[in-house]
Amino acid sequence: MAERVVLAYSGGLDTSVGIGWLKDATGKEVVALAVDVGQGGEDMEVIRQRALDCGAVEAVVVDAKDEFADDYIVPALKANALYQKRYPLVSGLSRPLIAKHLARVAHELGANSVAHGCTGKGNDQVRFEAAVAALAPDLTSIAPVRDLALTRDKAIVYANEHDLPIEQSKKSPYSIDKNVWGRAVETGFLEDPWNGPIEDLYEYTQDPDVLREATEVTITFEAGVPVAIDGIRYSPLRIVQELNAAAGAHGIGRIDVVEDRLVGIKSREVYEAPAAMTLIEAHEELEALTIERDLGRYKRGVEKDWANLVYDGLWFSGLKRSLDAFIEDSQRHVSGDIRMTLRGGRAVVTGRRSETSLYDFDLATYDTGDTFDQSLSKGFIELWSLPSKISARRDLAVEQAALAADDATPAAAPAAE
């Protein structure tokens with residue numbers, strides 16, 4: 001039996017050509033694996049058949065939408081994950097999930113290697129291969145575009161010569177990746193960071209400058225997990241889908257950013273993530289209501305580290321697992337409702353409530369009925385500022401001693417003629 005390689009298959013030009021290209025270059029039989037993470041577009045059965053028509057000996061389709069939402073999006077939401085404070089890890093979250101299924105299918109079908117369609121200058125090559133290395137160190141990773149000189153021009157020629165059943169479109173200059181958590185667009189005229197994005201670039205969001213009647217939503221969380229919209233309980237996947245539609249209609253979640261790639265270059269990216277940005281805003285607001293100040297402060301640093309690890313392809317690392325444990329414990333009391341108004345590109349929080357709130361109205365109010373004993377503040381301030389007072393006295397004493405020493409030093413006699 002010939003050796004096999006399992007290819008992460010999208011149905012597009014590069015991975016469709018990659019089936020035959022891999023076979024020709026390595027002599028291996030190619031198994032195509034298409035993973036549905038909510039990217040929409042073509043029916044997955046059509047994609048499966050295309051892989052077979054392009055020469056795959058088998059084509060496997062995995063519906064991983066719920067798994068993606070439950071096991072990848074929800075942890076990211078609990079971590080308020082935004083790489084460099086802007087990017088909600090649209091591609092960074094899906095790659096370890098796809099890699100997990102690559103490794104699983106490879107073992108089930110007796111393959112000794114896996115392959116992906118990433119270039120040699122992006123982050124995704126690292127994400128795929130680092131994940132496979134962590135899950136299945138016995139497997140070899142192959143990247144036809146990077147390792148086997150499969151350029152886009154060569155792919156188009158190959159597709160024409162072999163009459164492959166794919167649309168070989170040169171019309172779109174963009175590289176696009178999408179899933180239910182968001183959509184990423186790069187290359188083309190966007191490579192000049194001075195060029196502004198045009199409206200035709202967007203798919204998940206409407207123009208935020210075209211004002212529509214505001215939409216009000218109430219999102220319910222239980223232990224950091226979104227469980228309902230306007231009192232109707234949904235799965236995490238359904239909540240993301242509902243908010244993509246509701247927030248996207250108001251142009252919420254458009255992100256235009258220059259980010260630092262893991263491979264050392266800067267890249268201009270345009271993202272659409274209406275549900276992601278709405279949910280993160282709501283979750284952060286609920287945390288502000290329900291967790292202690294020191295825990296919240298410390299968690300902000302953990303969130304940054306968590307996002308960096310995921311962006312860098314270390315989803316299955318020991319440090320990431322340890323940070324997960326901390327974040328999970330921090331969410332014990334993050335339950336309640338957040339009311340938001342969606343309009344004009346913004347998701348604005350207008351109300352928050354929780355049975356586990358740390359907000360005490362009687363302590364916070366300045367009106368009659370205030371239970372905060374202000375007389376205690378004077379002593380608190382004395383103790384709080386005591387280290388500063390002591391160090392200031394020390395610094396002043398040292399400064400005065402230095403000045404006194406300077407005054408006591410006799411002036412040098414003038415040199416003789």
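Heads up, the Cβ atoms here are built off N, Cα and C, so glycines get one too.
The ATP site recorded in Swiss-Prot includes ALA8, TYR9, SER10, GLY11, GLY12, LEU13, ASP14, THR15, SER16, and the single candidate from GLY110, GLY117, GLY120 that the record places there is GLY117. Of the residues TYR87, TYR202, TYR204, TYR298, Swiss-Prot puts just one in the L-citrulline site with ASN123, ARG127, SER175, GLU259, TYR271: TYR87. The Cα atom of ALA8 (ATP binding site) lies nearest to that of ARG127, taking the binding-site residues TYR87, ASN123, ARG127 as the candidates. For the binding-site residues SER10, SER16, THR119, ASN123, SER175, the largest tally of other C-beta atoms within 10 A is found at SER16.
Burial estimate for the binding-site residues (ALA8, GLY12, TYR87, ASP124, TYR271): highest at TYR271, by number of other CB atoms within 10 Å. The number of other Cβ atoms within 10 Å of the Cβ belonging to GLU259 (L-citrulline binding site), over all protein chains shown, comes to 17. For GLY12 (ATP binding site) paired with TYR271 (L-citrulline binding site), the C-alpha to C-alpha distance reads 20 Å. Neighbour density around each Cβ, counted as other Cβ atoms within 10 Å, peaks among the binding-site residues ASP14, ARG127 at ARG127. In the three-state DSSP classification, TYR87 (L-citrulline binding site) falls within a strand.
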